[in-house]
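What TrEMBL records for this protein:
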- 1-17: compositional bias 'Basic residues' (COMPBIAS)
- 1-21: region 'Disordered' (REGION)
- HIS35, LEU37, GLY62, GLU83, ASP111, ASN126: S-adenosyl-L-methionine binding site (BINDING)
- 42-211: domain 'Ribosomal RNA adenine methylase transferase N-terminal' (DOMAIN)
- 281-304: region 'Disordered' (REGION)
- 283-304: compositional bias 'Acidic residues' (COMPBIAS)
Amino acid sequence: MAGGKVKKEKGKPHQQQKHMPYQGGISFHKSKGQHILKNPLLVDSIVEKAGVKSTDVILEIGPGTGNLTKKLLEAGKKVIAIEIDPRMVLELQRRFQGTPHSNRLTVIQGDVLKTELPYFDICVANIPYQISSPLTFKLLKHEPAFRAAIIMFQREFAMRLVAQPGDKLYCRLTVNTQLHARVFHLLKVGRNNFRPPPKVDSSVVRIEPRKPRIEVKQKEWDGFLRICFNRKNKTLGSIFRQKSVISLLEKNYRTVRALELGQEDSLKEVDAKMDFSSFGDDQGMEMDDDGADDDEMEVEDGEADEVQSEFKDKVLGVLKEGDFEEKRSSKLTLQEFLYLLSLFNKAGIHFS
Ligand SMILES: C[S@@+](CC[C@H](N)C(=O)[O-])C[C@H]1O[C@@H](n2cnc3c(N)ncnc32)[C@H](O)[C@@H]1O
């Protein structure tokens, strides 16, 4: 309930670290990323840069107390807002009830990550940063594709989304996002525009889903990028020489061949011979990685780990064919990644 008492944590009678006071009586929960936009000029600027049309159905994620919602209602035809916190939902109802906007606002109470998204033309949102990655990919998977999403992210996350080959922040998240969308940086936002101020600066970006979509087999693509970005500054030749990588690809190769030939026995034989422990469950193709650890090593590398085999020659042959052996993922364009994957697939080499 808005204006309710702040619950004190057990054993910490004088501490209310997670609850920040708010002049209107509502308290903000950091755990829900509640940093409310307090600068009306900034709110105007976001709505203006979003290019909202008067015919637009707008999706807002995390409307909070409704500062952005109000401007969106003024600009568009309809706002559908998804808010996890029932206190905020009440606050919104109270704020817009009896106003000319009330019948054009629908508030859905729930976790946006667990909610089936409605149809919308444009999404405008100041989101809780902890859901940045899964939310971005939920939006990018959404059908039918919307015109654009204008979203406030933590600055570093935003810069990863818009990074170009060769930029320090260029990572798997960048390539995965840019496969599905064109992304533009719109606005830098300092932390003092929020109440309470977050610990980080922010940026507003514009995400435009590609139309038509670039079609890839998602598991194949994810598996491929995971390997390429395992050490993004190493040459692809060095990454694809690793024993663990060769083993995984050879297993996939034989699996596909065996399935094609319907040879179940040879499958069992392959499984018995190979050790794939270094990839294990990490082959899960979830898209929620924020890319922050792309420089971290998941697969051991090094000369000692190399294998000599015909299959390795096959893999390196593909790299040579496309002139990729000396190239590094940190500098590869989206088109080059797509081309390299197509060369691997043409040679019967698969990543899932
Ligand atoms: C950064 S605040 C933005 C509030 C408001 N839009 C503004 O700009 O002033 C994020 C809002 O998202 C809500 N929220 C947090 N997690 C959410 C989730 N998983 N699904 C929907 N809303 C969420 C919070 O309760 C909060 O109201």
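Just so you know, glycine gets a Cβ as well, placed from its N, Cα and C.
Bear in mind that TrEMBL entries carry predicted annotations, made automatically and left uncurated.
The model shown is predicted, which means the values in this text are computed figures rather than measured ones.
In sequence order, GLY62, PRO63, GLY64, VAL89, LEU92, VAL107, ILE108, GLN109, GLY110 constitute the residues six or more apart from GLU83 (S-adenosyl-L-methionine binding site) in its chain with CB-CB distances below 8 Å. Among HIS35, LEU37, GLY62, GLU83, ASP111, ASN126, the residues given in the record as binding S-adenosyl-L-methionine, the maximal Cα to Cα distance rounds to 20 Å. Mean pLDDT, taken over the domain 'Ribosomal RNA adenine methylase transferase N-terminal' (42-211), works out to 97 on the 0 to 100 scale.
DSSP assigns HIS35 (S-adenosyl-L-methionine binding site) to coil in the three-state reduction, outside any helix or strand.
In the three-state DSSP reading, GLY62 (S-adenosyl-L-methionine binding site) counts as coil.
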